[in-house]
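What TrEMBL records for this protein:
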{"type": "ACT_SITE", "residues": "405", "note": "active site, nucleophile"}
{"type": "BINDING", "residues": "308, 352", "note": "S-adenosyl-L-methionine binding site"}
{"type": "DOMAIN", "residues": "188-463", "note": "domain 'SAM-dependent MTase RsmB/NOP-type'"}
Ligand SMILES: C[S@@+](CC[C@H](N)C(=O)[O-])C[C@H]1O[C@@H](n2cnc3c(N)ncnc32)[C@H](O)[C@@H]1O
C-alpha cells in the first residue's frame, strides 16, 4: 500500500473512519490490515448511506486514490463485495460501528470466501478479539475450493454461537415475498447462486467461435465454449482488461451474460427481418439480434432500430455497432409517449423493460441491501405501459418479445397476463427453455440453471 501503511486519511477519504483508538497495529501486516479495514469501512458506508451502486463508488475511489497497487485494489474490492454478499449474516454480529465487530465481519467474510491474503485475515482476526483459531479456513486450500452455502452457514453457527444463521437470510426478507419459491431445494439453489459470482460471458461475432477461443487462450484468457449456444464464450471469473484484447477492439467479442443471450435466441430474428429494440440501452441485445441475422447470411438485408429514453447509451450503442462493422442498426430515441417509429411496421419488437434487476444481484450484491420491495412493486405500471405502446409497432403476424432481468412474477408473468387480457390480437407462444429443455410459455432463466444472471422472457404473436 505504498507508504501509507497506517490509517491516515487520503484527500478523498471521508472523515468518518472506523474508531480504532483501541487497536494497536505493530507489524507490517497489521498496519496494512488496519489500513484496508478503514478503506473498506468508508466505502461500505458510502454505498449504504448514499444508496449508490458499489461499483460506481469503488471506481471513483480508485480513480482519485492512484496510490493503490493491484493487490490493494483486489483486497479492497473483493472484501467489499464479499461483505454485501454475506451481509444478511454479518449484520447480526452486532453494531457495525464498533471496530471489533467490523474486524469480525471482515474475518468472517474472508474465511467464508477463502480469500488468499492470509496475513491480513489473521491480523483482522486478532483485532476482532474473537477466536478464529478453530475456523475451518485452511491456508493451503486453493481459493477455488468453495464449500456450499449450507456448510458456510454451519460454520457461522458454530463460530458465532449462540447467534443463529439461516441460508434464507442471505437475501432480504422482502425478496421471498415478491419472488416466492416453494421448493426448498430450489430455494437453496437460488441462495447458493446469489452468493457467488457468475463467470464473464461473452459472444463471438464476425468470427468463428473456436478461432476466437484459440486467440483468447493464446493471450492467457481462460476462454471456453458453451453447450447451449454456438457463439457463446465463457471468459472465466478473473477480471479482464478488454481494451487490451484485439478481438474486443475489432468488435469480434461482446460481453453479454448467457442469460441475456437467451433473449436474442427467443426473438430468433430472420436474416431479412426488421426489428425494433424499444428499450435498447447501450444495445447489448440489438447487437446480438444483428449478429444472429448475419450468421444466417452475411448479406442479410435485415435491420434493427434501437430506441431508449436516454441518449448516452444510444451513443454507446452507435460506437459498439461501428466497432463490429454492423450496418443495419440505427437509433431513434423516445422523445415523448408517441412512438419514435412507424405503427404496425416491424417483423419483431423487443421490449427489454426497465425493472428491479433482481436477476443481476450476483454481479451487484450491494443492490439487495440498497433497494427495498418498492424496487419491484413500483415497476409493473411502467412496464405494462411501455409494452402496450411498443406493441403498436408490431405488424400483423409479427413477433412481440417482453423481457426483464427481474425474478419477480409481479414484473414478469403478471405484466404479460395484464397485457394479454386487454389486447386480444396478441397470443402467447411457447418456447423450449434452452437450459432445462422444458417446454414453457413464459420462461424464467434462474441463475442456478447455467451459472448466469436471472432473466425472464415471453414471446407473443400479433394475430
Ligand atoms: C433493462 S435496460 C435495457 C438493457 C439493454 N436492452 C441491453 O441489452 O443492454 C432498460 C432500458 O429501458 C430504458 N427505459 C426506461 N424507461 C423507459 C421508457 N419509458 N421508454 C423507453 N425506454 C425506457 C432505460 O433507459 C434502460 O436503458
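Just so you know, glycine gets a Cβ as well, placed from its N, Cα and C.
Just so you know, TrEMBL annotations are computer predictions that nobody has curated.
Location within the structure of each feature annotated in TrEMBL.
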| residue | record | CB count, 10 Å |
| --- | --- | --- |
| 308 | S-adenosyl-L-methionine binding site | 23 |
| 352 | S-adenosyl-L-methionine binding site | 24 |
| 405 | active site, nucleophile | 24 |
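Look at residue 352 (S-adenosyl-L-methionine binding site): DSSP puts it in a strand. In this structure, residue 308 (S-adenosyl-L-methionine binding site) belongs to neither helix nor strand by DSSP; it is coil. Across the structure, residue 308 (S-adenosyl-L-methionine binding site) and the residue listed as 'active site, nucleophile' are spaced 17 Å apart at their Cα atoms. In this structure the C-alpha atoms belonging to residue 352 (S-adenosyl-L-methionine binding site) and the residue listed as 'active site, nucleophile' are separated by 8 Å.
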